[in-house]
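Annotated features, as they stand in Swiss-Prot:
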ACT_SITE  Asp13  active site, proton acceptor
ACT_SITE  His41  active site, proton donor
BINDING   12-18, 40-42, Arg305, 331-333, 413-415  GTP binding site
BINDING   Asp13, Glu14, Gly15, Lys16, Asn38, Ala39, Gly40, His41, Thr129, Arg143, Gln224, Thr239, Arg303  IMP binding site
BINDING   Asp13, Gly40  Mg(2+) binding site
BINDING   Thr299, Val300, Ser301, Asn302, Arg303, Gln304, Arg305  substrate binding site
Amino acid sequence: MVNIIVVGLQWGDEGKGKVVDWLSTNADAVVRFQGGNNAGHTIVVNDNVYKLNLLPSSVLQNGKLSIIGNGVVLDPYALISEIENLKSNGINITSQNFAISESCPLVLSVHKQADMLFEQLRQDTIGTTNKGIGPCYADKISRRAIRVCDLFDPKDLLHNKVNHLLSYHNLLRKNINNPSIETENIVNELLSIAPKILPFVQPVWKTIHNLIEQNKTIIFEGAQGTFLDIDHGTYPFVTSSNTIAQQAFIGCGINPSNKTHILGLVKAYTTRVGNGPFFTEQNNNIGKTMFESGKELGTVSNRQRRCGWFDAVLARQAVILSGVSGLVMTKLDVLDQFSEIKICVKYKYENKIYDYLPASPYIQSKLEPVYETLPGWQTSTFGSVSYKDLPQNAISYIKKIEEILKVPIYLISTGPERNSMIIINNDFLYK
C-alpha cells in the first residue's frame, strides 16, 4: 500500500494533472480533495489533449477508481458537461469507476452570480474565475450550503433548505438593487440535475478507508498551489480553500496516521495567473520567452500566465508547510534557450533580508528578489527520459534547487506527453 499526496508548491499550474496521470498508472484510486472547477488540469495522451476541471486525472485510465472528496465544492452542471465531453471521446464514466462524496457542497447559479457581483464591487479585483467557488465555500462555513446528500431529500425539505440559502443571498442582492431569486427556480435546478449526479454518490470516506484496509495505492490530487492557500497564500489574492497537503486528510476523511508520501510539484521557473504579488516576475523578453515556450495560458480562464524566475524562497516555505518528502520538477525544457538562469534565494526590503514570505500584503508589495545566477545549457532537453543524458549545466541547476529546498527531486517532466518523464528515484511508489 502507498498513499501519495500531490500538491503544487507555487501558484498552481505546476503540471499536477500530467504527473497524477503518470502516477495513476501504478495506483488503484485517485482522489480530489479541495477546490472546484476553478482549477484545471491539461493531460496529453497519444497526442490527444484532455482538459479536466473537476474529474480526477485517473479517469483517462482503465481500472482506476476516481473520487471527488468532501473538500471539493461541486458544480453539478460543469461535472456533467465534463463527463459528457469525455464520453464523446470514448471514455465512459460510471458508478463503477467514479464516486462523489455525499458531503460535497453544490455550486449553484446563485453562487456564480454572487461571485461576479462581489468582484464588481471590490475596489481592487482579486482575479476570481467567476465560477462561484468563493461564495459556495462561504455558504458552507455559514452552514447554509446545499450539499449533495440534500438531493436525496423530499422536495418540501429541499425547498426549505433552498429558502434558507436564498434568505441570505436575496438580502445582499436587494442591497445592491438586484432582483431576488425565486426559491422554486433553484429547487427545479436541483431536481433536474439530481438523477445525473446521485448514481455516483457514496460515503467516500468509507470507500477510501476500505481501499486502505485492502492495501491499495491511492493518489490524493491537489488543485491550485500552496500560495493560493486561504491561510498560507498571498492573501487576499488567494483561493477559498486550503491547498496544502494537510487538507487531503480533511477533504476526503482519511486519518493522518496512515503512512503517506507527500510529493511537491514545482515548475523549473515560476508562473502566476491573475492579480497578486509575484516577486520574480519578468515583464520583458525573458518572461515573453517563458510564456511562448511554456504555452502559458490558464486551463480554466484562458488568461495569460505571468512568468518569472524560480522562487526558491516560496518553494522552500511550501516544502515546510506541507512536509514534502520528494519533488517533481516540470517544464525543465522551457529553460533550454537561456544563456544564464536565475534563482531567487532571498528577499530584501529596507536593508532587511527575508528567507521567508512575510504575511503582510504591504511588506510583500515592497519585497525585492535577491538572485543567484547559474549558467544555462542552451541544449534541448525536450522529451528527455534519461537523467545522465541531460546537459551538465541542467544537472547543476537541478542539484542547486535540491540543495536550497533540502528535498530530493524524484521526477523531472520534459514535455506534455505522459511518458516525457525522467525518473531519478521511484522507490516512493512501492514503499
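Cβ coordinates come from backbone N, Cα and C, glycine included.
Sequence features annotated in Swiss-Prot and their locations in the structure.
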residue: Gly12; record: GTP binding site; CB count, 10 Å: 28
residue: Gly15; record: GTP binding site; CB count, 10 Å: 21
residue: Asn38; record: IMP binding site; CB count, 10 Å: 28
residue: Thr42; record: GTP binding site; CB count, 10 Å: 17
residue: Thr129; record: IMP binding site; CB count, 10 Å: 23
residue: Gln224; record: IMP binding site; CB count, 10 Å: 27
residue: Arg303; record: IMP binding site; CB count, 10 Å: 13
residue: Gln304; record: substrate binding site; CB count, 10 Å: 12
residue: Arg305; record: substrate binding site; CB count, 10 Å: 22
residue: Leu332; record: GTP binding site; CB count, 10 Å: 23
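Cα to Cα, Lys18 (GTP binding site) and Arg305 (substrate binding site) are separated by 18 Å. Look at Arg305 (substrate binding site): DSSP puts it in coil. Close to Thr414 (GTP binding site) in the fold, though at least 6 residues off in sequence, lie Leu332, Asp333, Thr381, Phe382, Gly383, Ser384, Val385, Ser420, Met421, Ile422, each with a CB less than 8 Å from its CB. DSSP classifies Thr42 (GTP binding site) as strand under the three-state reduction. Ranked by CA distance from Asn38 (IMP binding site), the recorded positions Asp13, Gly15, Arg305 have Asp13 at the top as the closest.
In terms of C-alpha distance, the listed binding-site residues Gln224, Arg303, Gln304, Arg305 place Gln224 closest to Gly15 (GTP binding site). In three-state terms derived from DSSP, Gly12 (GTP binding site) belongs to neither a helical nor a strand segment and is classed as coil.
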